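Note sheet for the following structure.
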Amino acid sequence: MEREGYLVFSLLVFVGALSLHMSRTEAAIGLPPDAKFLRRQYYKKLNTCENAEAFVKHQVQVYWSKDRSITAKLVKLLYADCMVNGCDASILLDGPNTEKTAPQNAGLGAFMIIDKIKTVLEDRCPGIVSCSDILNLAARDALHLAGAPSYPVLLGRRDGFESKAAWVDLPSPSISWEAGLAYFQSKGLDVQDFATLLGAHTMGRTHCNYIRDRLYNFNNTGKPDPTMDTSLLDKLRQQCPQKMTKIQEQNQTVYLTPKYGPNYRFTSAYFNNVLLHQSVLGVDQQLLFNYDTNQLTLEYAGSNEQFRKGFSLSISRMGSLKVFTGNKGEIRQNCHFTNKNNPHIK
């Protein structure tokens with residue numbers, strides 16, 4: 001049954017990849033090598049925590065019913081974890097100079113959801129389910145509630161022992177497509193993953209300080225970004241006026257897809273905005289200026305279902321980067337501390 005389950009997932013991934021534009025000769029068709037020891041329904045098949053996925057799903061539903069923004073927060077948290085040092089839950093560790101203290105990670109949320117899920121699972125299955133698996137499952141379940149497919153998450157990750165702010169190399173949202181793609185490739189992902197995962201911005205918000213250059217001084221010209229639709233420019237300037245204190249810039253937020261943002265729905269609206277030059281972030285608008293990302297943008301804008309399939313593949317690939325399995329890492333009792341440094345363990 002385990003082999004059958006894995007083959008079903010592999011087929012899903014393969015079909016999703018083949019359905020994308022055939023001119024891209026090196027599109028991703030599988031998971032990273034580190035994922036080879038991950039399995040579907042890992043805890044159920046080992047009879048260690050049969051209802052682990054159900055427990056996670058229930059808690060996410062409870063939080064999502066009160067605050068739909070948790071979808072964007074959980075996806076951003078997963079991205080901040082996996083894209084820095086692999087999916088080892090290092091973003092969750094507390095302490096001086098840990099990843100969560102890095103400037104790029106200011107404003108991360110959803111930690112309390114992971115804490116609640118971990119508490120529930122430790123009560124029912126102590127020492128079994130890793131914080132890294134919890135984060136991957138919670139992001140999947142929140143995405144599904146927002147309209148994404150309930151893609152299968154392979155499990156069996158273990159948690160890392162270290163977290164350093166110096167590791168955090170998350171790029172600026174104003175970078176070029178060349179720099180953005182190079183960053184994704186440096187992590188083991190490709191152009192398909194780059195364009196597809198940016199589509200998660202359809203549910204997000206950003207702070208005024210991240211778009212100030214596009215609104216008032218693009219590339220030090222003293223003028224706005226000429227690629228931005230003028231109607232969007234006017235609206236954003238009202239929300240982010242030129243004279244703002246640094247604190248105001250950091251606190252004031254705008255939706256990345258203003259028309260649909262407040263609903264936090266997972267749709268392909270983001271890609272339509274790119275085509276209309278109505279992207280809020282510079283890196284999003286840059287998708288138009290590379291042939292492969294341009295073609296993906298056209299494809300996803302024309303078919304929400306294609307975007308759903310592509311996203312299932314790409315987020316599964318990201319969620320499998322540099323995972324710890326087997327005897328590597330540990331299963332933390334508290335996601336904020338390694339077991340050795342956990343002040344709550346006597």
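Just so it is clear, glycine is given a Cβ too, placed from its N, Cα and C backbone atoms.
Within the set Cys208, Cys335, the cysteine that TrEMBL bonds to Cys240 via a disulfide is Cys208. Among the candidates Cys49, Cys335, the disulfide partner that TrEMBL records for Cys125 is Cys49. In the set Glu99, Pro171, His201, none of the binding-site residues has a C-alpha within 10 Å of the C-alpha of Cys87 (disulfide bond). When the CA atoms are compared, the recorded positions lying within 10 A of Ser90 (Ca(2+) 1 binding site) are Cys335, out of the candidates Pro171, His201, Thr202, Cys208, Cys240, Cys335. Using Cys131 (disulfide bond) as the reference Cα, a 10 A cut-off selects none from the recorded positions Cys82, Val84, Gly86, His201, Thr202, Cys208.
Ranked by Cα separation from Glu99 (Ca(2+) 1 binding site), the recorded positions Cys125, His201, Cys335 are led by Cys335.
Look at the disulfide-bonded residues Cys87, Cys335 and count other Cβ atoms within 10 Å of each Cβ; Cys335 has the fewest.
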